[in-house]
Structures are given as C-alpha cells and as structure tokens.
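*Asks:* Take a look at this one; I'll ask things after.
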C-alpha cells in the first residue's frame, strides 16, 4: 500500500495537480515574479503579462476556406472550471500510460471522487480553473496566422487542442479533424522535452483512437515529438531571464544564481531509459550558451512526492542549500513549462518565492515569466511546424527508438503507427 500511495501521488504531480493546499493568490491570469528583499515581501506583478492574459480568451477560428493542414496541439490540460475537476482526476487515474494500479477501473473512480472536493478548493483559490487552454488558444492563433504566410502551399492551417484529461480531449479533436477533411495532420506536442509520461501518453492516445474505431486515418499524420533546442525557444527563455535579471540590484546582479526548475521524474522511470532528463539538460545548456554564461546556474527538479528516489536536487532543497552557503540572490526559471499553471503560479511563486524564501532569509528571489503570450514564442511554434513540413519527415529519429527497458507494449504500436504513414 505504501508503494501504491507513492504511485498515486506521483501521478498527481505528473499531471500538475498539487497535493498541498495552496495559499490564496490573486488569479492565474497574472504571472507574479515575486521578490523578497531583506525578508520583506515585495510582490511585483508584471503588467504586460496581465494584459496578455486578459486578452487571451479562446476564440472560434474564422475559416474562410476549408482547412488543408491541421496542427493538433497536445498537452495534458487542466480543469477549466471547478466542475471539470472530477472528470479530470478520473481520466488521470485511468491512464495506464501514466501509472498502473491494481483493479484500476474500480480504484480510479474511488480516488477521483475522494480527491475532487480538495482539488476543487485549490483551483477555486487560484481563479477557478487552469489557464492552459487559454494560453494554448492564444499561442495557436498566432501560430496558424504566421503559418499561412510562411507556407501558402499547405494553407489554410487550423490549430486543434487535444488534452488528455479534460475537454477538448485528444479523441474529440481527432474527430473534428476528420470531419474537416484535412489533407495533413501534425501531432505537435507542447512539451519541448519528450517524456513517455507526457508526450508519449498523448501520442498513444492518437494510436488508440484509430485502433478502437477500427479504421485508418483519412489524413496523413506526422508528429513533432520534441524540440528542446529550437533556436527561437532558446531565445524566448534567454530574453525572459535577462528581463528578470534587470530587476535585481545592480551590485548583486552578477551574483544571482539561475535555478532552472523542471518537473521531476521517479528514478524508476528514468532508469527505463526515458530521455526527459537529457533533453531538459540540453535546453538549459543552449540557454546558457545564448546568455554567454553570464551567471552561475544549476538545473533543479520540483514536485517530488513520496519516499521513492526521484531526479534531484530538488528545487526547494536547492534554495535552502544556497542560502546556507551565502548565495541569497536567486532567479527561478521554469524550463520545462511553456505556459503558466498551478506549478508555476503556486509552487514557484508562492511556496518557494514567498514562504520558503522568507524562512531561509533570501535577499532577492524572482521567477522568470513563462512564455505565455510572447509573440516570439508563437513565431517559434510556426517555425517548428514550417520546418517540419519542409523536412517531409514523419517524426524525429529519437521517436523510432523505444526506451531500452520499456514495459509498455502500446508504445511500440504507436511508433509503428507514425512511422508507417505515407506523406
């Protein structure tokens, strides 16, 4: 039972659902790069971010012509309203790509029902729901507008959102794409760094859809399954880091320690050969190269739960350790997240940058703004799709290689599905 509890907690963390009760915050629509100075809280809310988010409402895409190319933007998603929380948890606990539980079909509904009230309260206190759909819609709108200019031969382009655990579900998005009569479909993960528990699960859902309905796709599928070192992605991260460094006192700026924080993984997953740690490290290395190694830095890992070994060092322990060693000016950079959600808005902004920082005696701590509505990020997405179309490749070479100790037979079927497509 101890192992079972650890698996359940790990699953919640992997889906970005915090088990702890968050403090009240203003809203998830506002990125809050908090700074503590001499133990006193000085909340610095980025006005530009707030303006972006206020205008980032999902809109129906105007279609003057029948879409020719569809881009399916894949993500786990998050409950958009409090009423979505139960179904979100239920689908999460039923996902065998994420975890395997005994009598899962019976245990999952029990766990979801038991957890729903507490999770609803958490989302209520950060604005009533997750911002992932809002930001994905805004990013998709910018992406397809640019794509129509970059690649007129494959236009019109239309983006579709495919979430694993909330509407619009991946399966619902595929059905809409089939109804639209697309010629080309691109499964585009919104996780820059590949993991079997995130991108892998979303790609498996596409394979399972066609396997269950018993028919072949009417459109030609390919996938952008990872993009950890894309030059515009790296530029976005570098720009946001430089922007936050400017807020530190001039005399302290060169001493600021940059902590790149990514969601951790259990070592049992890593030791099967999941490429996630290497790809996150590659992103960090490229960002620091772009910054010409302007400051000392470390890659740290957040959201560990349970007694089992996870990737380390942990973000909170790293903050404590740095303070104990006299390094009290810290910049947190969420390097594996492209938009704000509960792990940035609560875990980084409140738990670490307010509560923990005050306890440790941090002088200055800030968090780099997430990519959210940055126009350069939409340009990055468009460039990735455009380059993918021009390459005429079905997927990356890495996707053709299974983890050396993979235990999920569906992964092999999914790889076969994508590599057997004809463009």
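Yeah, the Cβs are placed from backbone N, Cα and C, and that goes for glycine too.
According to Swiss-Prot, the feature active site maps to 230, 383, an assignment based on experimental evidence. Summarising the annotation, Swiss-Prot assigns protoporphyrin IX binding site to 115, 123, 130 and lists experimental evidence as the type of evidence. Under the heading [2Fe-2S] cluster binding site, Swiss-Prot lists 196, 403, 406, 411, citing experimental evidence as support. Residues annotated as N6-succinyllysine in Swiss-Prot: 138, 415. According to Swiss-Prot, the transit peptide annotation covers 1-54.
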*Asks:* List, in sequence order, those binding-site residues among 123, 196, 403, 406 whose Cα sits within 10 Å of the Cα of residue 230 (active site).
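*Replies:* Those close enough: none at all.
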*Asks:* Near the [2Fe-2S] cluster site, what residues other than 196, 403, 406, 411 in the same chain have a C-beta no further than 8 Å from the centroid of the listed C-beta atoms?
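*Replies:* Going along the sequence, the neighbours come out as 200, 272, 273, 274, 402, 407, 408.
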*Asks:* What's the CA-CA gap between residue 130 (protoporphyrin IX binding site) and residue 138 (N6-succinyllysine) in angstrom, rounded?
*Replies:* 14
*Asks:* Of the recorded positions 123, 383, 403, which sits closest to residue 415 (N6-succinyllysine) by Cα distance?
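*Replies:* Result: the closest of the recorded positions to residue 415 (N6-succinyllysine) is 403.
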*Asks:* Calculate the distance in Å between the alpha carbons (Cα) of residue 196 ([2Fe-2S] cluster binding site) and residue 383 (active site), and round it to a whole number.
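*Replies:* So the alpha carbons of residue 196 ([2Fe-2S] cluster binding site) and residue 383 (active site) sit roughly 25 Å from each other.
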*Asks:* What is the number of other Cβ atoms found within 10 Å of the Cβ of residue 130 (protoporphyrin IX binding site)?
*Replies:* 29
*Asks:* Just to be sure I understand the packing, how many Cβ atoms besides its own are within 10 Å of the Cβ of residue 383 (active site)?
*Replies:* 19
*Asks:* Compare the Cα of residue 383 (active site) against each of the recorded positions 115, 123, 138, 403 and report the nearest.
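*Replies:* Going through 115, 123, 138, 403 one by one, the closest to residue 383 (active site) is 138.
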